[in-house]
Amino acid sequence: MNRVIVHSDINHCYAQLEEMRNPALRHVPMAVGGSAEKRHGIILAKNDLAKAAGVLTAESLHEARRKCPDLVILHPDYEAYMYCTEQIKDIYRQYTDRVESFGLDEAWFDLTGTKRLYGDPLELARRIQQEVYQCFGIRVSMGVSWNRVFAKLGSDLDKQMGFTVITPENYRELVWPLPVEELIMIGRRTQLKLNAMGLFTIGDLAQTDGMAVTRRLGKIGGLLWRCARGFDMSPVLCSGHQEQAKSVGSSKTLVHDVTTLQQLRQVCRVLCESAAARLRAAGLRGWVVSLALRGTDLRWKGSHQVRLMQPTDLASDLTAAVYGLIDRQHLSSLSLRSVGIQVSDLVCGPGFDQPDLFSRPDSRSRQRSLEDAVNEIRVRYGYDKCRMASMRVDVDLTDFDPLGHLHQVHPVGFLRGPVN
């Protein structure tokens, strides 16, 4: 292989880290999840004993306890998890400066140029896997390939501290039989479009006419076709490399189900305020506003978006756009557990506010000053110190800090550089 790219995945990350902190948890069924009363959650991760009892990731705490009455549920400690996973990635950084995180529990690292110092890169990757286990007791599955897409697929093939090597000689046997949705960047909607074309496996996608896929899916279709054929030459970025954000989002799993449009609007307003504050803090504005809804089973109820007349970083603009999306969907009956807002197609800088013919010329600058002042109060004294009166109508739904860890500035997309 002309490159040696490794993808590492900490299996059942939160649960393993809790077992590392308290080894006694290895002997009881245990899961990491949210509060049963406030329902922040669902099962986020579970250990092997909980898995054997039938506990599933993303199911409700009530359902998990029904299956396993003795289940120990721990609240997530994200700061500790971030610290521990960085310690693991520091082991990778001892051997290469090209270590790129992909979420908390995953990372790529490039061992292409390490042979002179450390010998065979494949053997080095195995030694690194064992070093992580010996130092932390953490099982990490690894996939090795000449490109990032196949390396990630390799780490998914064997989750029990597996080590899978995908080469130009064996990828047709290992990769092509996999379901097409296993390929990174293929979500449910893209999967359905590919299935409608008769493409059900990665091999089906790779062996079809690339132009036909591009015509059906647009630019992303051609990109997926090339990835399925192993033509990904995107680099692993150096540690600490910062990319411009691709989107800014806020989401919330709610204390009780949203059943009315008024409740949905209240939650959306809080999330829009969070997204707008993050945009201004990052010096960004966005053109596209998206609304994502999940039902009580946490399956997608729908995702809708609108392109604005001008890019914005104002909560008032985002809220108006989201309310418009809600109205256009003609939602007659609701039973929602999770709501998410995302702002994308971002641009840098303050830009120029197009004045509204029917408003004061300085109305947008005044609105921005108002929102900045409100945000400063919240940062200094707490989010609950300055809120709209309408947010007190259903305190259970809106009494949360939207600036918490679940509301993120998302990095640029997975692939960069040439995909030949």
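In case you wondered, yes, glycine gets a Cβ from its N, Cα and C as well.
Annotated features, as they stand in TrEMBL:
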- Glu106: active site (ACT_SITE)
- Asp9, Asp105: Mg(2+) binding site (BINDING)
- 5-187: domain 'UmuC' (DOMAIN)
- Tyr14: site 'Substrate discrimination' (SITE)
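On the structure: features taken from TrEMBL.
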residue	record	DSSP class
Asp9	Mg(2+) binding site	strand
Tyr14	site 'Substrate discrimination'	helix
Asp105	Mg(2+) binding site	coil
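A mean pLDDT of 92 is what the model gives for the domain 'UmuC' (5-187). Across the structure, Asp9 (Mg(2+) binding site) and Glu106 (active site) are spaced 5 Å apart at their Cα atoms.
Long-range neighbours of Tyr14 (site 'Substrate discrimination') (same chain, six or more residues apart, CB within less than 8 Å of its CB): Val32, Leu44, Ala45, Pro76, Tyr81. Sparsest Cβ environment among the recorded positions Asp9, Asp105, Glu106 (other Cβ atoms counted within 10 Å): Glu106.
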